[in-house]
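Down below is the structure, laid out as structure tokens.
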Amino acid sequence: MAQRREPDPPPPQRRILRTQTVGSLGEAMLDSEVVPSSLVEIAPILRVANEVEASNPRVAYLCRFYAFEKAHRLDPTSSGRGVRQFKTALLQRLERENETTLAGRQKSDAREMQSFYQHYYKKYIQALLNAADKADRAQLTKAYQTAAVLFEVLKAVNQTEDVEVADEILETHNKVEEKTQIYVPYNILPLDPDSQNQAIMRLPEIQAAVAALRNTRGLPWTAGHKKKLDEDILDWLQSMFGFQKDNVLNQREHLILLLANVHIRQFPKPDQQPKLDDRALTIVMKKLFRNYKKWCKYLGRKSSLWLPTIQQEVQQRKLLYMGLYLLIWGEAANLRFMPECLCYIYHHMAFELYGMLAGSVSPMTGEHVKPAYGGEDEAFLQKVVTPIYQTISKEAKRSRGGKSKHSVWRNYDDLNEYFWSIRCFRLGWPMRADADFFCQTAEELRLERSEIKSNSGDRWMGKVNFVEIRSFWHIFRSFDRLWSFYILCLQAMIVIAWNGSGELSAIFQGDVFLKVLSVFITAAILKLAQAVLDIALSWKARHSMSLYVKLRYVMKVGAAAVWVVVMAVTYAYSWKNASGFSQTIKNWFGGHSHNSPSLFIVAILIYLSPNMLSALLFLFPFIRRYLERSDYKIMMLMMWWSQPRLYIGRGMHESALSLFKYTMFWIVLLISKLAFSYYAEIKPLVGPTKDIMRIHISVYSWHEFFPHAKNNLGVVIALWSPVILVYFMDTQIWYAIVSTLVGGLNGAFRRLGEIRTLGMLRSRFQSIPGAFNDCLVPQDNSDDTKKKRFRATFSRKFDQLPSSKDKEAARFAQMWNKIISSFREEDLISDREMELLLVPYWSDPDLDLIRWPPFLLASKIPIALDMAKDSNGKDRELKKRLAVDSYMTCAVRECYASFKNLINYLVVGEREGQVINDIFSKIDEHIEKETLITELNLSALPDLYGQFVRLIEYLLENREEDKDQIVIVLLNMLELVTRDIMEEEVPSLLETAHNGSYVKYDVMTPLHQQRKYFSQLRFPVYSQTEAWKEKIKRLHLLLTVKESAMDVPSNLEARRRLTFFSNSLFMDMPPAPKIRNMLSFSVLTPYFSEDVLFSIFGLEQQNEDGVSILFYLQKIFPDEWTNFLERVKCGNEEELRAREDLEEELRLWASYRGQTLTKTVRGMMYYRKALELQAFLDMAKDEELLKGYKALELTSEEASKSGGSLWAQCQALADMKFTFVVSCQQYSIHKRSGDQRAKDILRLMTTYPSIRVAYIDEVEQTHKESYKGTEEKIYYSALVKAAPQTKPMDSSESVQTLDQLIYRIKLPGPAILGEGKPENQNHAIIFTRGEGLQTIDMNQDNYMEEAFKMRNLLQEFLEKHGGVRCPTILGLREHIFTGSVSSLAWFMSNQENSFVTIGQRVLASPLKVRFHYGHPDIFDRLFHLTRGGICKASKVINLSEDIFAGFNSTLREGNVTHHEYIQVGKGRDVGLNQISMFEAKIANGNGEQTLSRDLYRLGHRFDFFRMLSCYFTTIGFYFSTMLTVLTVYVFLYGRLYLVLSGLEEGLSSQRAFRNNKPLEAALASQSFVQIGFLMALPMMMEIGLERGFHNALIEFVLMQLQLASVFFTFQLGTKTHYYGRTLFHGGAEYRGTGRGFVVFHAKFAENYRFYSRSHFVKGIELMILLLVYQIFGQSYRGVVTYILITVSIWFMVVTWLFAPFLFNPSGFEWQKIVDDWTDWNKWIYNRGGIGVPPEKSWESWWEKELEHLRHSGVRGITLEIFLALRFFIFQYGLVYHLSTFKGKNQSFWVYGASWFVILFILLIVKGLGVGRRRFSTNFQLLFRIIKGLVFLTFVAILITFLALPLITIKDLFICMLAFMPTGWGMLLIAQACKPLIQQLGIWSSVRTLARGYEIVMGLLLFTPVAFLAWFPFVSEFQTRMLFNQAFSRGLQISRILGGQRKDRSSKNKE
């Protein structure tokens, strides 16, 4: 199945060019949306034509004709893209329609138009105006727009026919025109005068905000200003500063909603007069301007926010300031990523605003102050935004799509940080075009030498504050304190272990202590290295640095160098008997004087004094915060030396409690790690090292360059290197262990996993309603309810329902049932399960007890009956049994009470009523006295029960003809009660019952006089309410469900969701506010071009195995498919297919199970549904509450038209609190090309009317003046909603669905300059509303039950959580919903699940370093919109755009928290290639983060322990992963050196050398990381916590059986390769991983292309190393270490080589193998070249693989060459081991001779290559003879050498092992030096050699796979292993993979 199944796009509109049939052309043109972008103005006319066509085809024709004319006027030369085709098609249609429509028209077209226009006005507009209420504003708006278009056409037709327009029509048109101005499409608030009756406009808070904005008193308007109705201060700002009209409309609504929402929180009871509260204004203003004021303070400027002294004007002034900021922000486009640039613009414009209001006079002109950029239309966009935007755009072009080095272009951060320096004011206002900010680059300036001379100051600014240079040194530079700490600890440990006894106590011995103090010399050297690095890596930013910063860098180097000298000298002087280097230093400084250790100690104390100060500040974070924020010069001087002054990264320190928690975490971790390193790795290695250094080895196996070197340094390095690498890496292992323990404890204290199973849910269900009302229902603010809420819920059990609980029960029922109904709508449960899970909606006034959902009470009645029947009068026994099971008690009591009510309701007759009352009063008496069992005979109960069930069944049917049967049933019941059950009772009862039937016995009474019993019954029940139906149905369930409902719901997902939701109610969450008082929020989803809704074709299209998506889904979700069929009332699939109306239902069902936009939208719209229900529960009066929300929904249609109804109010509140914007970047492109995705998005908008779609509109504008008409693209940010649905006039045709433009804001140019996704979010963020902003990806999902908790979650923004600041990002947990697809998907979802739960829990608390990891986090919207938005967008460097939002938030004093009582669904990748692409993207992103300024600043501004947290949870994880792989390399190359040099043989007698415990410990650590231990630990803990440790153990074993270790080892290679490559060479890019279902087989060539460089090459290299070691190694045979090392590393090799084939579906199926081989051969031998994609030819792929070297720079290429040299070691070592030379000749000439052999072979290959080109066509025979001779010569020489014998078979193998790596090394060097090789003209030979190597590698990989494919059981085993997860869900995967072939063959036979 395709990785990313794009729906096949329907043909674009250009198909109209072709000659088509009349019908199809007509259909194509009917779509008024498929219009070229340059003719966008005619779309409304075509819409109207479609609308009126059914009622008057001639008018439709005239509209289209007018559209054609207008199109011709707009683009006379048809120069726009697609215009000529469009016009031609339209003309063809007009020619056809002219003839057909002429017949039915009136005398002339003018008359036709006039009469139709009047008809339309009367029929639609007047009818709507005359309606009882004019609430249907949307239809009115639509009608006015249509009328306006009709008049435009009418006027044109009249002009053509020279007819005057009638006065009556002109008068009508004037009315229409006036109203069209008022009735414009709106987003949320209709602000026109006629909309005051709309529910949302009636809210006092909205009225207050609107009134405040309309106060324009005292504003100086321009001279020619005409006053408009409802003018407000934003109109004034627009006229003064030249903002766009739609920007003003958008921000007006934004500001009103913002103020209204904050205002209502100040007044919880909104009865006051609508006057805006000053506190609300102050709160919003504080949030909006906190960053601006901080910026002014930082630069030492006074802010421009001057408030007037007159109190009455203060409010207006504040609103003006806020309005101005929002208008600037709303039009700033890409400048929104540069918050301080916006501050600069605002600073000047606000000052101008103040000047105008104060009436200031300009000292320059002597006139009143005016805005520098005037108030013409679009002045702000053209004159302020565009120049800065163009600078960004130019810089982005220089990045060449991210290929250039970061240091040669300025990214968003560089441009923004220009405004962090006081120099930014040189830019001036109006801004100087020649300012250095705008200045061109050095290259551009070289072209304009003359200008440079005249204005030498204006050179390219260069980078600002920081340079992102590709270098590993960034890891040391950003986290220098960490590396210094580890290096110094290592030195100290080695010194202690080396000297004295090796015990830690030895440190107290004088000499040892003094030696340990040498770490301070190392510290000084490291400081010097850091200072030098700082200068080297910041060199390219020197132009932007101030003198103070440059001075600091130089002084840092000077000071560090001085300290190195001082430390070294004083150390030398501290020794009495100095030796070695100490003596040398002493001699330099004339040192024969006595020793003085005290001098060294003094030096150390002085050196440490700054550190002591910082340690003191660390203990008191509040002092540190104060100092960093302070602007006092002395403070600034103090801080200047420790860290350069920077606008961000100040005052980030946490509270003392948080600091204590994470400090303790790290102290425990570091002590454990260092103790382990010392006792297991370093101390045991010292003894063997000393022994090795004592031995002298004189015999070598190769030519030794330094035969007399002392101490065997090579051996020591080979021994210590892996251990030291593991020392630096294993903190990651300790982090995994400690964080798992801490996370587990933390989770347990948060009460996670208290309800894990259905059994637990049942046992706790009694306390759920209480917890529900405590958590999800707003409480009164009385003191009692303020107490900790849920402590009481344990004890709270509702048996009886006191009257005060009526409302609580009703609220619980409404919400619970909404959740269960959503389960049913999602097909997670069947109808029967739904009935069992529902709680009665309607409270029954006759029952005074809680009515539990039937799934708790199922089968309780039959069991109770059996117990009662067999009780034999033992009352107490039965009572005991009932007391144990409270649900049984409830069931019995409810059934009895309902039975009583039912009989009393049915029976109307007086006499019967009396009898029944007597019976019930007797029974009640017995119940009260507790003598029921002893006094009554209950053995007849089952019979009575049977009769009662029959009665209920008749009542369910409710048919007239059953009345007689009911009478019989009632008589049977009466007889049973009086004769059997109550036989001992008073005889009068019997008398009453039986003697009353007939008056006399002896005489035949006439029929009409005979009186029947139960003749008067209320049956059938005519007034059947929903409540009555529900009651009867429930009673029927209680009585008839015999089997236990223990497994209800049976669906695993439904169980998981129910248990999680129930559990979350007992977790700590903020109390719920009323909907009206909650924080408002938006959801923003970026969408590019993924699937919106699966098409039927896409669902049924089969892959090569004959499997369609639909078939696959049916097999994976069998229960949900059955439930779906039940919901749509179909028995089977055939029935479903037969009904066309269900096609869309089927598409939706499938789309809800994929990763589609439809699924995401449905999930997010649950928020709205939840808000509407909660608003109802908040506002409903008791009577309405008890009637229920269902009753309200039933009347919603009519109610929505009246603004005052409860339904309308609920809708209004939901609108005010929640907005959902989907940013469909390419919507207009899709729409104009007729793409199915645009139609599907429109369908979504129609289904959910409150969705808004934002998109970037590209409009071509043609310039008519020029000869051919040049095109210019204009870009807009647009927002649309679904237009009200209108049927074409007088037609029965389907409803026409269209969108409606709300805002269209012009942009300065293309919006996408950097990374696509953040830019897409940024353009749409202006259309979001509210105080919270949730970012949701389009592969996410949400649930109804979680949506109810949203208002609680938003309250977290107002709590400090024991810290120093409120949260700015709320983290949420995610649930990965794609885990059931395959084993890989299961591993991936487990890994992701553990990260998004336990991982982030620990990051947030205690570590305080949680950032933002993808979505569904919720941002404090105002905080982030004033600080650069919700992500960063610079090309490549911000590849992981989301984490940078977290970095930015933290650096700007934000606070990120994590909350686990709410969850959001998320889809993940499900195939190995998809997963690897995802891992590659993340690793690339981490590589770029390593170079970034944000991480550097965090590393330097955090305190030491928080910095450790930051490192090990971001790039540290990837660097440690890389060290893990490096350890294996270093170990093996070290062994290679020992083995081939003969040193291992010489040392093999040393027992310590053989039993090397430290190496065992080190490599065991490496193996732990390799097999995924770091992943598995937190995974197991989280599963244990949430599903029980028993389950965790089972899952762990299952994962191992399904080769999880293979998967994790393989991913290790992916992470290492892409992280390393990004750091060395760059080349990071966004990789779209696809959202499809992967059960398709990946071809061998595809796997080879993807994994060749990342895994296969490295795997083969390690294999050769292991083979050499296996052949020549001596020392370890039979030792545990040997086995451990061999097994572990061979496991890695085999995994890296064969995992892609192991995890490839059908990877071992013989037919597939044969196809793969053919495909591979075709690919490898295909010629490349321009236009040949890498998938088609090896040559193209190979060239693309080398692309990263082109942009790598000198450093990268040098490193590549240096690393390639390692391949020459094999040849050097192995030639001396050939039998000819071994032990005989160690001359260097032997090695030289081996190079002659290689060169000889290469020359022959080259010669044959040249021969092929020269002779193969004309002299083919000659060429073949030469080839044959060469081959025979080679064979003859080989046979001679073997016969003599000069060489052996083993030697041949050794030669292969020696020469293969050499060739590869030469190839790597040639690739790195490609330009040089091309100049030499031997590039084609290099290519040939490379192809040869690829063929050999391909064969090596393919042969074992093909061999295994011979055995059929291998394929069977692989399928089992891959799809075990799916098996457990009843998925017959063999049928999926090999499936449906039978179906196909049978179809073929037919």
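Even glycines carry a Cβ here, placed using N, Cα and C.
What Swiss-Prot says about this one:
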CARBOHYD  N577  N-linked glycosylation site
TOPO_DOM  1-481  topological domain 'Cytoplasmic'
TOPO_DOM  574-599  topological domain 'Extracellular'
TOPO_DOM  621-655  topological domain 'Cytoplasmic'
TOPO_DOM  677-712  topological domain 'Extracellular'
TOPO_DOM  734-1511  topological domain 'Cytoplasmic'
TOPO_DOM  1533-1560  topological domain 'Extracellular'
TOPO_DOM  1582-1591  topological domain 'Cytoplasmic'
TOPO_DOM  1677-1682  topological domain 'Cytoplasmic'
TOPO_DOM  1777-1787  topological domain 'Cytoplasmic'
TOPO_DOM  1809-1828  topological domain 'Extracellular'
TOPO_DOM  1873-1894  topological domain 'Extracellular'
TOPO_DOM  1916-1950  topological domain 'Cytoplasmic'
TRANSMEM  482-502  transmembrane segment
TRANSMEM  506-526  transmembrane segment
TRANSMEM  553-573  transmembrane segment
TRANSMEM  600-620  transmembrane segment
TRANSMEM  713-733  transmembrane segment
TRANSMEM  1512-1532  transmembrane segment
TRANSMEM  1561-1581  transmembrane segment
TRANSMEM  1592-1612  transmembrane segment
TRANSMEM  1656-1676  transmembrane segment
TRANSMEM  1756-1776  transmembrane segment
TRANSMEM  1852-1872  transmembrane segment
TRANSMEM  1895-1915  transmembrane segment
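Beyond its flanks by at least six residues, the topological domain 'Extracellular' (677-712) meets 490, 493-494, 496-498, 502, 504, 719-720, 723, 726-727, 730, 1540-1543, 1545-1547, 1550, 1552-1553, 1556-1559, 1561-1562, 1772-1773, 1776-1777, 1782-1783, 1786-1788, 1790-1791 of its own chain at Cβ-Cβ distances under 8 Å. When DSSP labels each residue, the topological domain 'Cytoplasmic' (1582-1591) comes out as 9 helix, 0 strand, 1 coil, counted as helix, strand and coil in that order. Counting Cβ pairs closer than 8 Å and at least 6 residues apart in sequence, the transmembrane segment (1512-1532) and the transmembrane segment (1656-1676) reach three or more and so form a contact. It is 553-573 that, among the stretches 506-526, 553-573, 713-733, 1592-1612, 1656-1676, forms the most Cβ pairs under 8 Å with the transmembrane segment (600-620). Highest Cβ contact count with the transmembrane segment (1895-1915) among the listed stretches 506-526, 713-733, 1592-1612, 1656-1676, 1756-1776 falls to 1656-1676 (criterion: pairs under 8 Å).
Long-range neighbours of the topological domain 'Cytoplasmic' (1582-1591) within the same chain, counting only residues 6 or more positions beyond its ends whose Cβ lies under 8 Å from a Cβ of the stretch, are 743-744, 747-748, 752-753, 756, 1390, 1393-1394, 1397-1398. Panel annotation: around the transmembrane segment (1561-1581), residues 676, 680-681, 722-723, 725-727, 729-730, 732-733, 736-737, 739-741, 743-744, 1390-1391, 1393-1395, 1398-1399, 1517, 1520-1521, 1524, 1527-1528, 1531, 1592-1593, 1595-1596, 1599, 1604-1605, 1607-1609, 1611-1612, 1681, 1684-1685, 1688, 1691-1692 of the same chain, lying at least six beyond its termini, place a Cβ under 8 Å from a Cβ of the stretch. Beyond the topological domain 'Extracellular' (1809-1828), the same-chain residues lying 6 or more positions past its ends with a Cβ under 8 Å from any Cβ of the stretch are 1884-1885, 1888. The average pLDDT computed for the topological domain 'Extracellular' (1533-1560) is 77. Remote same-chain residues near the topological domain 'Extracellular' (1873-1894) are listed as 1652, 1724, 1738-1739, 1742, 1746, 1749-1750, 1757, 1761, 1802, 1805-1806, 1809, 1863-1864, 1866-1867 (criterion: CB distance under 8 Å, separation of at least six residues from the stretch ends).
Listed by sequence, the residues of this chain that lie at least six past the ends of the topological domain 'Cytoplasmic' (621-655) yet keep a Cβ under 8 A from its Cβ atoms are 295, 297-298, 300, 340, 417, 420, 465, 548-549, 552, 610, 614, 1362-1364, 1408, 1448, 1450-1453, 1497-1498, 1500-1503, 1506.
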